[in-house]
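Comments concern the structure below.
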Ligand SMILES: Cc1cc2nc3c(=O)[nH]c(=O)nc-3n(C[C@H](O)[C@H](O)[C@H](O)COP(=O)(O)OP(=O)(O)OC[C@H]3O[C@@H](n4cnc5c(N)ncnc54)[C@H](O)[C@@H]3O)c2cc1C
């Protein structure tokens, strides 16, 4: 097998699989090597929509890096699950398949921060059409007045199959009624650039089978694309300041004639950068790693959407049929909260953030309903129905870190998201949980309510005591090698190039200048597509060819 390629992409997750595939399908047919730490993930059970949670989270599952945070001492010492997908598809092979694209104002803000219109909504909305193949039909016609995405706003020619599921839970309409009774608007299509209101995203599940970045982009690998599985990369190889290839943990050296692109995700990418000598001198020297380029922003600025849960236990409505056997999409809504905007914590934010949050499509928090009762350690009786909802904070201001604890690449980095260390985040979660409790007290539920689970009451203190001991990550980690205008404030420029070196880019969620106010897989796919456009233009590879999938894959181990 060849050991020299034009481009080497490290990591076959959402961004990496898209990028490698699109590059390989350019008219100039460059040779592309996609190197993935995990396996091929093509067993049928891995692709089932319903079993994903059990399969990927089981101890020792090869699909998962099984990361945990450092103890969050300010949050009752919680050690929070920080899973990442491993193998072809990356985290898209273990995620919950929710597809949401977020606010158009977020993308416009990104474009403005980095000074590049590629990231503006006017471009991104077209990029999303290359990605998605959406069936806008819904399985429950009684919900047509509430969920109603218009086909002309979406695409049926992209690689990734998206649907609204085959069947919905029978009580799905109640939460919409509760939201309306609480004064919120219903949003028939949260994926049209404005997510505000109660609605429902689509899912990347079609006919019961999960679509991953691998099934959508790597099912047809042309001869100029090599996919190498079970090959964790240890570091980038440099000749002076020029990246010339990568070295795997088992010592193989793979040469890149043009560029190395890191797409290991927001935890592993900063780890690889540091192991390669890019980071702060102090940290690198303390582990005897020679500094290639000092860049203070590597592995700092980690951002994520943490969430907490509240629920109500209702008398079971025996007239309703049991739920569908497979996981169905569940309602989710994004809300602006006047109580957040008027808070003293909001007034202290940088003016840029305040201005952004005033824009029409930017939410303060998200609700996702039908969460598991186990999130509140509750087991409903046969005569009971549980209505749970998680509240995710948007625009988080707490900034975490990814730090090396060893120069050994097989040892996980220390990950400290510092959740809720910023007073604004605390305020958003308190106000958000209070709002969820209000919605769960709406007339549609109140006559059947047996008990409430969560805070003792809706005071600030009671909510804070609850959320401190009941916090989870939505696994949207981002921003650890952020994009910006200079090496002092960022790690990559708007062409994804790592500052201070040549031939090295980062194209994954690490580069987000702020965590986007949405579930993040769509953002990672968008970055893979935009990254391919940038490279194709710079190396005159011809226009990226956009076409769906076919033919089986060919994977290879050196
Ligand atoms: C449990 C869970 C549930 C989620 N649910 C949703 C959801 O419902 N909706 C949604 O929108 N988002 C969801 N997400 C988030 C979403 O999946 C991620 O944001 C997205 O996949 C990130 O894309 P990425 O390309 O940055 O990284 P990843 O998809 O994580 O890909 C990184 C890839 O790099 C590989 N890699 C890492 N290090 C190395 C190395 N040293 N050498 C070689 N390869 C390496 C990894 O194995 C992996 O394949 C979820 C995530 C998780 C973990």
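Don't overthink the numbers, they just go from 1 along the chain as shown.
Each residue, glycine too, has its Cβ placed from N, Cα and C.
Feature annotations, reproduced from TrEMBL:
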type: DOMAIN; residues: 85-108; note: domain 'Glucose-methanol-choline oxidoreductase N-terminal'
type: BINDING; residues: 233, 475, 476; note: FAD binding site
type: DOMAIN; residues: 265-279; note: domain 'Glucose-methanol-choline oxidoreductase N-terminal'
type: ACT_SITE; residues: 476; note: active site, proton donor
type: ACT_SITE; residues: 519; note: active site, proton acceptor
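Sequence features annotated in TrEMBL and their locations in the structure.
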residue	record	DSSP class
233	FAD binding site	strand
475	FAD binding site	coil
519	active site, proton acceptor	coil
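Counting only same-chain residues six or more apart in sequence, the Cβ atoms lying under 8 angstroms from the Cβ of residue 475 (FAD binding site) belong to 82, 83, 84, 91, 95, 304. Mean model confidence for the domain 'Glucose-methanol-choline oxidoreductase N-terminal' (265-279) is a pLDDT of 98. Annotation for residue 519 (active site, proton acceptor): spatial neighbours 98, 99, 100, 201, 474, 476, criterion Cβ-Cβ under 8 Å with sequence separation of six or more.
Here the binding residues for FAD are 233, 475, 476. Their largest Cα to Cα distance works out to 23 Å. Broken down by DSSP into helix, strand and coil, the domain 'Glucose-methanol-choline oxidoreductase N-terminal' (265-279) contains 11 helix, 2 strand, 2 coil.
Other C-beta atoms found within 10 angstroms of the C-beta of residue 476 (FAD binding site) number 25, with every protein chain shown included.
Around residue 233 (FAD binding site), taking its Cβ as the centre, 27 other Cβ atoms fall within 10 Å, counting all chains. Remark: secondary structure over the domain 'Glucose-methanol-choline oxidoreductase N-terminal' (85-108) totals 9 helix, 3 strand, 12 coil, with classes taken from DSSP.
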